[in-house]
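A short write-up of the structure that comes next.
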Amino acid sequence: MTQLYTYIRLLGACLFIISHVQGQNLDSMLHGTGMKSDLDQKKPENGVTLAPEDTLPFLKCYCSGHCPDDAINNTCITNGHCFAIIEEDDQGETTLTSGCMKYEGSDFQCKDSPKAQLRRTIECCRTNLCNQYLQPTLPPVVIGPFFDGSIRWLVVLISMAVCIVAMIIFSSCFCYKHYCKSISSRGRYNRDLEQDEAFIPVGESLKDLIDQSQSSGSGSGLPLLVQRTIAKQIQMVRQVGKGRYGEVWMGKWRGEKVAVKVFFTTEEASWFRETEIYQTVLMRHENILGFIAADIKGTGSWTQLYLITDYHENGSLYDFLKCATLDTRALLKLAYSAACGLCHLHTEIYGTQGKPAIAHRDLKSKNILIKKNGSCCIADLGLAVKFNSDTNEVDIPLNTRVGTKRYMAPEVLDESLNKNHFQPYIMADIYSFGLIIWEMARRCITGGIVEEYQLPYYNMVPSDPSYEDMREVVCVKRLRPIVSNRWNSDECLRAVLKLMSECWAHNPASRLTALRIKKTLAKMVESQDVKI
């Protein structure tokens, strides 16, 4: 029974030592020396069983660097072990120290394994002053897992750097090769212009090409490859106009004069919309500006948006009226041809090759051109709206541009126009057309009298009116351009006055349609025996 009790005591002591030694480092074990005042073994009292550590004899050990405060002549006393330890510090210098190690945990600490961060070796013995003769040596250098990881990362970083450098070299070679190729192709362009004529045979005129595309093509204009070829071959001659969208140049293609509208890059939406409208199926009409080609030209540092159309040397109706007067026949010819163009725009043509209805949205005298035969054609379709009755959708361009305020209808100025329906856009065009007829009528001579050219509302608003200016005059006061008394004394001008008044009515529903205007003017043309 006594032996069983002793074994239980020993097992408890071992568990206690293990639980404490695991949380302690070597230094804490070495500083506790188990110093005693004498070397005698403890005597057991009657009926008392001693622990194993209390029965062990005490040793005298040599101490250096680990001496307790009460050490005498570099000696210390312990019931554990004497030790000697050699350590290497962060600077690589070695230090040899000695001392006493207390009994508890000494067996574990004497088997201390070297750490990767700190190289050291400890040796122990159990006889008096035995550690004076111990000569521990440092363990060999071992590459730990941390150092292994550093090498692996270094290898990875070097590999990545090599790959990046290789990619940069490869990309540079590719870009240089591409640049050289583009330079050579650009050089070949000037030499190979003649080869482009394979698409356009020698002797073919623009009229021939357009007639062929109308009869054998889809009716939406020239093939894109032909358009691009024409755009490349055009020679710019001189600038003939400039506006908020860009510039207009007179150019030449194989000796034929053409108009080249060069859009600012900020007006790409206008260029795209106008090109789209012009290439609508069955869009071509004698009173709509003749579209030839569209292209984007650039070298990387700059971009030009080209729209190539027929060239009309008489310029716009605005320019023409400022320097020319009209007789009644010329007036009717201008008005009727403009009405025909507007009627074609507004009319939807049904069928598999049909045409949607189109509203202009920026009708004014500057956007109507004068042809050689004295008739008109409508231009500048960058703000146009399309409508297809099959889908019942109003196709409004994504464009920040707005129409000209002076020509805006009342419902546009007061923002009451229903943008979800197409008919209001048609009626707004009719209002603008009424103002254009007024501009023409002022320049018509009757009885030797004619007024000087003026813009609508010239005496009511500033030269560059604001929305508020126009809204006050047109919507609030409901004023319209002044009419000369002489108009009532002439049969033709009296009929024209009635027509324009029905065009600029305040209520959109009261305005005439483009077809009605066309038919009314046709009767007047017939009565005046005007040759169209």
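Glycine residues also receive a Cβ, built from the backbone N, Cα and C atoms like all the rest.
According to Swiss-Prot, the feature topological domain 'Extracellular' maps to 24-152, an assignment based on sequence analysis.
Long-range Cβ neighbours of Cys82 (disulfide bond) (same chain, at least 6 residues apart, Cβ-Cβ under 8 Å): Leu59, Cys61, Tyr62, Ser98, Gly99, Cys100, Met101, Cys124, Cys125, Arg126, Thr127, Leu129, Cys130, Asn131. If you look up Swiss-Prot, you'll see Cys61-Cys82 (among others) marked as disulfide bond, on the strength of similarity to another entry.
What Swiss-Prot records for Cys63-Cys67 (among others) is disulfide bond, and it gives similarity to another entry as the kind of evidence. Long-range C-beta contacts of Cys67 (disulfide bond), restricted to its own chain and to partners at least six residues apart, with a cutoff below 8 Å, comprise Asn74, Cys76, Gly99.
Secondary structure at Asn73 (N-linked glycosylation site), as computed by DSSP, is coil. Its Cβ placed at the centre, Asn73 (N-linked glycosylation site) has 6 other Cβ atoms within 10 Å. Annotation comment: Swiss-Prot describes Asn73 as N-linked glycosylation site.
Look at Swiss-Prot and you will find Cys76-Cys100 (among others) tagged as disulfide bond, backed by similarity to another entry.
For Cys110-Cys124 (among others), the entry in Swiss-Prot reads disulfide bond, with the evidence type similarity to another entry. Around the Cβ of Cys124 (disulfide bond), the number of neighbouring Cβ atoms within 10 Å comes to 22.
Residues annotated as disulfide bond in Swiss-Prot, with similarity to another entry given as evidence: Cys125-Cys130 (among others). Cys125 (disulfide bond) falls within a strand when secondary structure is assigned with DSSP.
Annotated topological domain 'Cytoplasmic' per Swiss-Prot: 177-532, in sequence order, evidence recorded as sequence analysis.
According to Swiss-Prot, the domain 'GS' annotation covers 204-233, on the basis of sequence analysis.
DSSP gives Val240 (ATP binding site) a strand state. Taking Cβ-Cβ distances under 8 Å and a sequence separation of 6 or more, the neighbours of Val240 (ATP binding site) in its chain are Val248, Trp249, Met250, Ala259, Gly315. Feature annotation from Swiss-Prot assigns ATP binding site to Val240, Gly241, Lys242, Gly243, Arg244, Tyr245, Gly246, Glu247, Val248, Lys261.
Feature annotation from Swiss-Prot assigns active site, proton acceptor to Asp362; the stated evidence is sequence analysis. Within 10 Å of the C-beta of Asp362 (active site, proton acceptor) there are 20 other C-beta atoms, taking all protein chains into account. Under DSSP, Asp362 (active site, proton acceptor) is assigned to coil, being neither helix nor strand in the three-state scheme.
Its Cβ taken as reference, Val248 (ATP binding site) is surrounded by 20 other Cβ atoms within 10 Å in the chains shown. Among the disulfide-bonded residues Cys63, Cys100, Cys130, the residue whose Cβ has the fewest other Cβ atoms within 10 Å is Cys130.
With respect to their backbone Cα atoms, Arg244 (ATP binding site) and Cys63 (disulfide bond) stand 100 Å from each other. Only Cys63, of the recorded positions Cys63, Cys110, Lys242, Gly246, Asp362, have a C-alpha within 10 angstroms of the C-alpha of Asn73 (N-linked glycosylation site). According to DSSP, Cys130 (disulfide bond) sits within a helical segment.
A distance of 17 Å separates the Cα atom of Lys242 (ATP binding site) from that of Asp362 (active site, proton acceptor). Around the Cβ of Cys61 (disulfide bond), 32 further Cβ atoms fall within 10 Å across all displayed protein chains. Among Val240, Gly241, Lys242, Gly243, Arg244, Tyr245, Gly246, Glu247, Val248, Lys261, the residues given in the record as binding ATP, the maximal Cα to Cα distance rounds to 14 Å.
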